[in-house]
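Novice: Found this in TrEMBL, in case it helps:
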| type | residues | note |
| --- | --- | --- |
| COMPBIAS | 284-293 | compositional bias 'Polar residues' |
| DOMAIN | 20-267 | domain 'Nodulin-like' |
| DOMAIN | 356-562 | domain 'NFD4 C-terminal' |
| REGION | 278-302 | region 'Disordered' |
| TRANSMEM | 20-40 | transmembrane segment |
| TRANSMEM | 85-106 | transmembrane segment |
| TRANSMEM | 112-137 | transmembrane segment |
| TRANSMEM | 149-166 | transmembrane segment |
| TRANSMEM | 178-199 | transmembrane segment |
| TRANSMEM | 219-237 | transmembrane segment |
| TRANSMEM | 249-271 | transmembrane segment |
| TRANSMEM | 395-416 | transmembrane segment |
| TRANSMEM | 428-446 | transmembrane segment |
| TRANSMEM | 452-474 | transmembrane segment |
| TRANSMEM | 486-511 | transmembrane segment |
| TRANSMEM | 536-557 | transmembrane segment |
Amino acid sequence: MAGGGGGPGPGKEKAGSRPPWVGLAAAVWVQVAAGSAYVFPLYSDAIKDALGYNQKALTMLGVGNDVGENVGLVPGLLANRLPPWLILAIGSACAFFGFGTLWLAVTKTVAMPYWVLWIALCIGTNSSAWLGTAALVTNMRNFPLSRGTVAGLIKGYVAVSAAVYTETFNGMLGNSATNLLLLLALGIPTACIVVMYFVRPCTPSLDEDNSTEHSHFMYTQISSVVLGVYLMVATILGDTLNLSQAVTYLLFGIMILLLLAPLAIPIKMTLYPNKQTKEKPNTLVPSYSTDSLSGADPENSEPLLGSAAATLATGTNESDDSTDLDVLLAEGEGAVNLKKKRGPRRGDDFTFLEALVKADFWLLFIVYFCGVGTGVTVLNNLAQVGMSVGANDTTILLCLFGFCNFVGRILGGSISEYFVRSRMLPRPFWMMCTQIIMVVTFLLFATGLHSLIYVSTTLLGICYGVQFAVMIPTVSELFGLKDFGLMYNFMLLVNPLGAFFFSALLAGYIYDKEAARQHPGVLEPSNCYGPDCFRVTFYVCAIVCCCGTLVSVLFIARIKPVYQMLYASGSFRHPRSQQQLH
């Protein structure tokens, strides 16, 4: 494998030792930095005022913000070819040049045309894709038996990053948009440079009965929830009260300490090493791990599945595109060897192109599109939705959605992890459940009642977060970790697609049409009030989620035998891939 490992250092680390936990603690800071796309509302008005743009031009910049954040095919493609530190370095460069260009424009240091700013914003927010890919792929491989928990934690800290930036913006930067842009241009590269050495592949622990590891994850989850609650309270206090500078500094200092909380695990492991922890002689290294990744010797690996499981594995893939009869006929004619002809089965390590032709890949894409594509519509228009029903203080509404999105990601990862281990319940079951709740939520939004706006926002935020946390480990379980970075980033294309179809085309058109009806004679009315501003949009979103629920039922039925195979022992068992990562 060319350039796959990312350095010689971690190759020989003992499984379950400190380095993976150091990397997870470092990934927290990477993911908080990666939330730069969430803070566009904090400096968008400054761009509009300083450069004299109208609302339509500003909306198109918002599209550029979404495109940059979610189009991560390039970092996904390079995830197996470049070491994590180099991917982080490229993301840092994107942030420096992208947000640095915006800072030059807003401060009027350099005059720039609109299209340059649009591209600069895409480049700046694309740093999120590079940083997120490095942190997520590396930690998913370092903790392969706790994929749901790791995915929920990693993506949870991205969700809470909006509150971190908001707290920093309100408290330390004096509500200055130019200072915020300078922080994004210089702070993101600085944070990545400090931690990039620690975000690296290590030999994973494959001991599913490790109670110490479970307690470590529990501590990390609790500390992240405490951080989320603290940030929500601090944001509300800062928005409603006139806090002194000393109190502001105190609140900011507490936030930094809570962000450092995951580092307590490797510190504790250093001061109080568990001498009873020994590497099992039959410890198995997943097929994606190579010498450059983990230092393990694939030759010493034993089959992960017994004969019964192997029989089940054969039975679960009867619907695969290539039939055994065709393979046998080809082999009988001397055209091909059986092992070489048969492609990977669900649960093996797929290449991206092999996954792209599988029905399960596109069923997951459709289910994810129905949930997240509709959710991002409300997220992008939440301020206007609130104002249309009389909720004038939309800051609290945005803070509530962000916190619930964070909670949904944590819960989605941990709950799906528990039930997949104890009941072999396919993770997309929770996507189906949340989409059913989203149908009800969109109908509540459609009523246009001020008393229901906070309840609706809470439910939608949680469901939106669950979709993220469940999709990520599902991709890795069905198609392996070999090309996981590319597959995961391909799934993220759902966000800009949903924003384009449901937000720009549908919600934007209906909102402007109703605003024109309410303000006859006004050339370009900017505000719309009442339930009719978004009612049709919410009905359409509810119908889409109904379709997503039906598709998820079919999807769950197809993949249920796969999860019975992978989790038959009560813990993840990676089947032997027919293709090694070289």
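Each Cβ is built from the backbone N, Cα and C atoms, and glycine gets one as well.
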Novice: Using a Cβ-Cβ cut-off of under 8 Å, list the residues of the same chain that are 6+ residues beyond the ends of the transmembrane segment (112-137) and lie near it.
Specialist: 27, 30-31, 33-37, 40, 47, 51, 53, 57, 60-61, 64-65, 67-72, 74-76, 79, 84-85, 87-88, 90-92, 94-95, 97-99, 101-102, 104-105, 151, 154-155, 158, 184-185, 188, 192, 199, 472, 481, 484-485, 488-489, 492
Novice: Looking at the stretches 85-106, 219-237, 428-446, which one shares the most CB pairs under 8 Å with the transmembrane segment (452-474)?
Specialist: 428-446
Novice: Is the transmembrane segment (219-237) in contact with the transmembrane segment (536-557), using three or more Cβ pairs under 8 angstroms as the rule and ignoring pairs under 6 apart in sequence?
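Specialist: Result for the transmembrane segment (536-557) with the transmembrane segment (219-237) is no.
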Novice: Can at least 3 Cβ pairs under 8 A be found between the transmembrane segment (249-271) and the transmembrane segment (486-511), with each pair 6 or more apart in sequence?
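Specialist: Between the transmembrane segment (249-271) and the transmembrane segment (486-511), contact is absent.
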Novice: Determine which recorded stretch among 20-40, 85-106, 149-166, 395-416 has the most C-beta pairs below 8 angstroms with the transmembrane segment (178-199).
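Specialist: The listed stretch sharing the most Cβ pairs with the transmembrane segment (178-199) is 85-106.
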Novice: With Cβ-Cβ distances below 8 Å as the criterion, list the same-chain residues six or more beyond the ends of the transmembrane segment (20-40) that contact it, or say none.
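Specialist: Residues 61-62, 65-66, 68-69, 88, 91, 95, 99, 124-125, 127-128, 131-132, 134-136, 138-139, 142-143, 150, 153-155, 157-162, 164-166, 169, 180, 184, 187-188, 191-192, 194-195, 198-200, 202, 204-205, 216, 220, 259-260, 262-263, 265-266, 269, 402 contact the transmembrane segment (20-40) from elsewhere in the chain.
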Novice: What residues elsewhere in the chain lie close to the transmembrane segment (149-166), defined as a C-beta under 8 angstroms and at least 6 residues from its ends?
Specialist: 24, 27-28, 31-36, 38-39, 42, 128, 132, 135-136, 139-140, 143, 180, 217, 220-221, 224, 227-228, 231-232, 235, 255, 259, 399, 402-403, 405-406, 409-414, 417, 465, 468-469, 472-473
